[in-house]
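Per TrEMBL, the features are as follows:
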- 1-109: domain 'PH' (DOMAIN)
- 229-372: domain 'START' (DOMAIN)
- 457-469: compositional bias 'Acidic residues' (COMPBIAS)
- 457-490: region 'Disordered' (REGION)
- 478-487: compositional bias 'Acidic residues' (COMPBIAS)
Amino acid sequence: MAIMEGWLYLIESNKLMMTHPRKRYFVLSGNQARYYKEKPAYRQEAPLKSGSFDPYTRVVDHGRESIHGRTLFVFEIYDSYTHGDKLKFGARSSEEAAKWMEAFKEAAEQDILPGNDGLFVPSGGRRKYPFRLSGRRSGGLVKDLSGGSGTITNPLFREGSTTELPGWVGSLLSRDSSARDASPDVVADSPWQIFGCVNGLRLFRETTDHHGFKSMIRGEDPPALMGVGVVFATCESVFQTVMTLGSSRSEWDFCYAKGRVIEHIDGHSDIVHKQFHTHWLPWRMKPRDLVVHRYWRREDDGSYVILYKSVKHEKCRPRRKFVRAWLKSGGYVISPLPPQGGFQHRCAVKHILTVDWKHFKTPWSSSKDRVITLKVLERVAALREFYKVKPADYMPTSISPDLRRLDVAGCKPPLLQKENIPEVHLCGAEVARSPEDNIAGQSMFRQLAEEEFFDVPEDSAWDTELEPDLDGRRESTDPDETSDEDQNGGVHKLSAAATIVKRFQGMAAQKRTHQDDDEDGIELLAREGTLPKSSGCCTTSCYESAEASIFLIRGKHYLQDRKKVVAKDPVMQFVAADWLKSNKREDHLASRPSNPVQQFLANQRKIEGRVQDPFFFIINIQVPGSTTYSLALYYMITQPLSDFLILENFVRGDDRHRNASFKLIPHIAKGPWIVKQSVGKTACLIGEALEITYHTDKNYIELDVDIGSSSVAKGVVNLVLGYLSNLVIELAFLIQANTEEELPEYLLGTCRLVNLDIAKAIPARPE
């Protein structure tokens, strides 16, 4: 059993609500945790606190915070039954915080080992500990570490003590390799096209429908520009260097004069003011400044995403000596690369910008903006040269102007003092990684370099091998679909052109498996939904089913070859959608008499000879704010749930199993790069990051997804809302398959949302 130990800051508040970070030494083994004031000299030393984790423990990332001069990366641990009592921790680096968060999550998934200690996290409510055959990151029966004796020695217990367990262990395995894999799960062309190379940087432009002067007259944004380079340093070091606003930034950023944080929003976003020098600008051009909303996050593969967008702020109005430029979108993507040529630490740095430098409006304004923007992108080359004279793990000494003022006063900030805090380390039986896991853990910018940066598309991704249906045969549920088999049983391979034509023909087609007598009921459902279905007369703020073939899911032999295959038509039919607004959260929509589901069931009960009512799968995505928006998607299946094992287990299972298996694949089919970068194209387990409330009934299951439960997700959604009317969003929902019996995966349903308009949201009807 692996043991993780190291120093963390326990962040507590006193009676006067003053926050104090206290340094504590933590030891985590299995689901047992304890911490000490100092590093224990022997095993029997009494801890300050000890306890165990259970499956209802949740871990939430709060990003970067400054506490008494210390810049810490903060996360919280709490019980899902009660959010009142929380334990707040801080780590000195984002990498260290990520390791601890992952360790605490895995501790919560371990078996409930009996012991004298209580729970480590204050809890409330009734506890119910289910043991399942499959779980969050992998599944099936776990190898019995006791050799069949049913006993496992716990190194955290006293010498020779044992814990009785059944002959199999129902715990969850470590994170599945695909969970760390940042490679896209969507088949889509690259939005970038290379057009030059300067100072060792490759330069790309966004592939958009911009048509030069005509588009400028119509007020359309010019395409974004991107510079890509390789820096010989760790991702964390480059991230800290790019984020700093102190004096060390002037060592590589030739544009930067000075800057400050105007407002701290949360651990992942703030408002920043930057002023630029004039020596790099064209002659007689006034100095520029920017006020931007800065947002950052760390991905599971160790890469960092930093996004900027200009905003107006009352605390920083335009100044007389500066011209306020407008950053329409910009940022950095810093992703790890494997060692090469004797360099142990390497990372790819992508710098993207779309800026209006506020010239006098002339036909040549866009050309001037382009020249200045390309000059700014050369900061990546300056960053590369900067690390040639700095250590690969260099950290800037001036994290912020506030810390710099402390140093000038003759008192070094606590964070900069040399502390006896060793790095987090693992000891004991560490999990061995296979070559496949190492490949899966690589950055998507390394794995898919050919797909990310290309000019001519290669072989069509739709030629990927298709897996057979659940019964071993490939069947078409569309009676009008043309078969690809000839009379001799041979299968014709479609050409690329035929594949594209077939794809566009199926864009608006809805695959139906229900009987003809259900047509009236389906039309009733579509009419009852507040969001209209896409049609010839309705092309904006509407919905339709997305094409399944653009999504990649686990194939039949995924556990052996780790390969994903092109998805086939979903097993459930997309029948209706609601686009609602309210001054509060709208939960359990399906229980209301006015809901499309209740209307449909009431109509079906009037039909004589009905054998069985259909089953509905409802996803209610709740976006909090001064006005709460709810996007409810309704999927229906007429076949018995027993025909789909993984779906039946999900509906009949407990919340822990549901959170560990409900998966979403997002894709921004049309929209600006900043939204595409924020949302991504990689599948994610929603229940691991967001709070989901499940409501079940005989004929439906409803998932109420609270976007506000995660600061990271809330930041992404708030960014998306600003561009919502210009986006085409494609979503696919499925249940993750972890065992041979559950594979291959299949889509529950897909959705394509076209140019949603916030103004067209309908007030929710009272309960």
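Quick reminder: no glycine exception, Cβ is built from N, Cα and C everywhere.
Bear in mind that the values here come from a model prediction, so they are computed numbers and not experimental data.
The residues of the domain 'PH' (1-109), classed with DSSP into helix (H, G, I), strand (E, B) and coil, number 15 helix, 62 strand, 32 coil. Summarising model confidence by region, the domain 'START' (229-372) averages a pLDDT of 90. Secondary structure counts, DSSP: the domain 'START' (229-372) has 22 helix, 69 strand, 53 coil.
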